[in-house]
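If you check Swiss-Prot, you get these features:
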- 159-186: zinc finger (ZN_FING)
- 255-280: region 'Disordered' (REGION)
- 256-279: compositional bias 'Acidic residues' (COMPBIAS)
- 308-354: domain 'G-patch' (DOMAIN)
- 407-432: region 'Disordered' (REGION)
- 407-417: compositional bias 'Low complexity' (COMPBIAS)
């Protein structure tokens, strides 16, 4: 009775734990924690059920023992039959002795396996053997030397492997041999292997082989086209029919190199290569995912190579480096390049630390890159300021470029509108230096010489065309325009020479 009392105490403890788990489930909304609580609840319920069966079994054995002890006549008759069987070995009534029944304590270590997942073998009709994920639903521990487990396959690939829905509900009218579906397969516990968790990260690779659940509950082979890890859905192209379906991750089983169903035409080398490709793609996907969690750096690693051929970055990319990730095979190294620091010359480290403290701990205080950027910004501002000053400044060269040299592209009508501007610009001649006036006078003389040569060339061409023709008229217009430009240049030369004469007279008067 002490064993039954211990089991009753265990049942009470299990019920208290089950109540605590249900209370925790009410306060948990979703996520992996809720899934673990649901699994724990199912395990506790299964444990309570098994413990109750054990208590009932022990109570039944005690009652049978009491009944057999009270009936002495039956025991005496049984004893006499056994004596007669020993005296007459050839007697028809002789029966072999029953094997010793396995005690409940010896079966106890195997009861924890009920409800657990494993990888169990299945022998197909054509004789091939393959392992599939399965669930242990019961155990046959009558012989401790050969304990058998009844399993139901989680991802059945053929009809004889699909669990019978009516059998699970207890309503199937057929026995194990007559039913088209599976009532569970008895497999030696020594042949079971560890359960393989689905590796959904393999779905990131396009072309990954998977088993997909059909409407008839049979899992068929397919190929991944796209996968969305936010909605937990993926598009699969089935090998049979070549049609595409969209399924949740829970209805998909990614196949690794060892899980792909083998055939006579497939070789082991192909599966090994696919497994290696999956490992490489998985590592690269993990590196990319880790790089997305890093903050965006201010400077790209290898940014200095824009001034070179960039051979270093090309070599790193061929070696598997992912842009934006850290250095190293797993992308756990530095992302931001080490910045060069230039400390003040002839100063101690204490003085440099004091300067950094005064700058509120600025890490870029002695950075070479930051210093070059500051100098670049200062130079850009200085250049912009000088450009604005030069643009607003009016001298004789601006006057020549805008009024004299630029008038060759204008028409006679535009020349009339430029005359007032020329008069205004002539008022700026006193602000020009004597050197600039001399250079401007030289340029005007050179421009006048070129215009006179153009007039001679056009006049020579004019003699080759008949008067009144279109070409003759165009040449006359060009000659008139050149002469007008010469007239403008002469006026400007006169203004410059007059300004120079005024300066000479003023200098002489000053000396006098």
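Heads up, the Cβ atoms here are built off N, Cα and C, so glycines get one too.
Only residues 6 or more beyond the boundaries of the zinc finger (159-186), in the same chain, are considered here, and those with a CB under 8 A from a CB of the stretch are 120, 122, 125, 132, 137-138, 140, 148-153, 216-218. Along the domain 'G-patch' (308-354), the predicted structure has mean pLDDT 76.
Counting residues of the domain 'G-patch' (308-354) by DSSP class, helix then strand then coil, yields 14 helix, 1 strand, 32 coil. Secondary structure counts, DSSP: the zinc finger (159-186) has 8 helix, 4 strand, 16 coil.
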